[in-house]
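Inspection log for the structure reproduced underneath, given as structure tokens.
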Amino acid sequence: MAPKKPSCLRSLLLPLSLTLLLPQADTRSFLVDRDHDRFLLDGAPFRYVSGSLHYFRVPRVLWTDRLLKMRWSGLNAIQFYVPWNYHEPQPGVYNFNGSRDLIAFLNEAALANLLVILRPGPYICAEWEMGGLPSWLLQKPEIHLRTSDPDFLAAVDSWFKVLLPKIYPWLYHNGGNIISIQVENEYGSYRACDFSYMRHLAGLFRALLGEKILLFTTDGPEGLKCGSLQGLYTTVDFGPADNMTKIFTLLRKYEPHGPLVNSEYYTGWLDYWGQNHSTRSVSAVTKGLENMLKLGASVNMYMFHGGTNFGYWNGADKKGRFLPITTSYDYDAPISEAGDPTPKLFALRDVISKFQEVPLGPLPPPSPKMMLGPLTLHLVGHLLAFLDLLCPRGPIHSILPMTFEAVKQDHGFMLYRTYMTYTIFEPTPFWVPHNGVHDRAYVMVDGVFQGVLERNMRDKLFLTGQLGSKLDILVENMGRLSFGSNSSDFKGLLEPPILGQTILTQWLMFPLKIDNLVKWWFPLQLPKWPYPQAPSGPTFYSKTFPILGSVGDTFLYLPGWTKGQVWINGFNLGRYWTKQGPQQTLYVPRFLLFPRGALNKITLLELENVPLQPQVQFLDKPILNSTSTLHRTHINSLSADTLSASEPMELSGH
């Protein structure tokens, strides 16, 4: 049985928008009518036309704007995930504040008159870091994720005993707006196919949420066999290019009666670094939606508004090779990354209006945009010069290098340091065997940048050095796998590097807190550090600047820069990789910028090479599809079936 909150407490725990509904709570229901292949909402036939939006990809101050635009588009529901790692950064440490305030987001959706289809995981994919699973799970290296491994189940149970009671009052029959809840996510695409695990989750959800809430699964057509489970309503996902009739016919083998549901109808697709920007034509997306609505199906459009992978939150896929996902999650969605309506939105609204009423009145106009610059950035200093501030607790010593997870470093960067035990006069090969770099390593000898070693590449560097020379390897976590692998994605140096014939030992590891340095130290007047005239390798640049006119949304353009991380007023915008593409600009919401009379500060960590003119600009339009940099086809990948940069990506699996 689901826990019942005492009535005297319940009204205190719910916002006003929900307490007004409570007298009717006993009459509220969302059910499957198998006799007529439809949903019933409060006893009346109902079909949802929903859109996906991720609160964790949209700053809290923008939630209302995005939700109201979705409601105006004709949607009557939204669908979103809950990323476990966003809310439990360390075991037993929970964060539901600010942009992590899940209950506030549910309330905003209620105020926008939107029902909710909730997808709490524990695994969510979503192109999010590690598919939403917390990386601290990997502190037990032998753990088997997404299975009935007791270690994994214990962590899942602990998390859901915190999360699910929070959402229990928001279930539709309790007076809230959550009409259904997904169990796991596309589990049929995970080759473990552990039905004991799925049954455990289903039982846990029932124990904490009760029998009334509709629980469902979502899988691609190829995943229905292992992803569906008796007692959970089966839904499918596919895009406009797929054969709707064939897929819905297959769905009927698993769910013979009840409404047809496409839980992820793809309005666009994600982007990978080094691939072209993905787009889906307006005509294909609208035609597919209309055909499904003619069948009476319920549809959720993934994504309706994509948002941004700020900071280090992007995930990665493994399709032939390691494919990290871009900072932008624009997704070619009906509402752009900056929250603006697109022609796709208006076309979809026209289709929806043929089947149900859409709100009247004009859509809010696009947000004001701003241009500024170019701005010339100033050299702050080499990353190595700030090591004491970046790692104030000092390094960890180990004979062999340790992974990020072993030293409890979740995201970002870690520096590995050792010293040469003999003089090397001739250039000598340096590499990490067994594909042991996860994910990019920036190599320096006595502070001089030597080059990059990269995951899934057979690259070697050739080094020289003196006895006692300092060998530094800065390793970047480019995002843990969110889809496409059954193995745990450990980060760092997974194998000890080899120089010539020598296995290097005696390592110092510095887990770096770069965000703390940018936020707390760089605003201070730090002493000037010695640096070479033409710095290369991991180097900080910054610039303070005023905004003389009105502040607007804008897009940071970094022409000529190579790869790195960028902050605005201490906020981590995310990764740039100008030389790789396709994304060339980073979305900067206007609320991050200080208005007239205050100085703003931009900070860059350039990891490789700085342009001759270290300048940036703020543009009033994004550049998400630059093909000029896509010449870096990885012809020497470790995988024989590697896709070249010009080949289209397979769209199955999400």
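For all residues, glycine too, the Cβ spot is worked out from N, Cα and C.
Here TrEMBL flags 1-27 as signal peptide. Annotated domain 'Glycoside hydrolase 35 catalytic' per TrEMBL: 39-354, in sequence order. Under the heading active site, proton donor, TrEMBL lists Glu186. Marked as active site, nucleophile by TrEMBL: Glu264. The annotation domain 'Beta-galactosidase 1-like first all-beta' is assigned in TrEMBL to 401-513. Taken from TrEMBL, the feature domain 'Beta-galactosidase galactose-binding' covers 538-595.
Model confidence over the domain 'Beta-galactosidase galactose-binding' (538-595) is summarised by a mean pLDDT of 97.
Glu186 (active site, proton donor) and Glu264 (active site, nucleophile) are 11 Å apart (CA-CA, integer value).
Cβ neighbour count for Glu264 (active site, nucleophile): 24 (other Cβ atoms within 10 Å of its Cβ, all protein chains included). A simple way to gauge crowding: the CB of Glu186 (active site, proton donor) has 24 other CB atoms within 10 angstroms, across all the protein chains here. Under DSSP, residues within the domain 'Beta-galactosidase 1-like first all-beta' (401-513) fall into helix, strand and coil as 3 helix, 58 strand, 52 coil.
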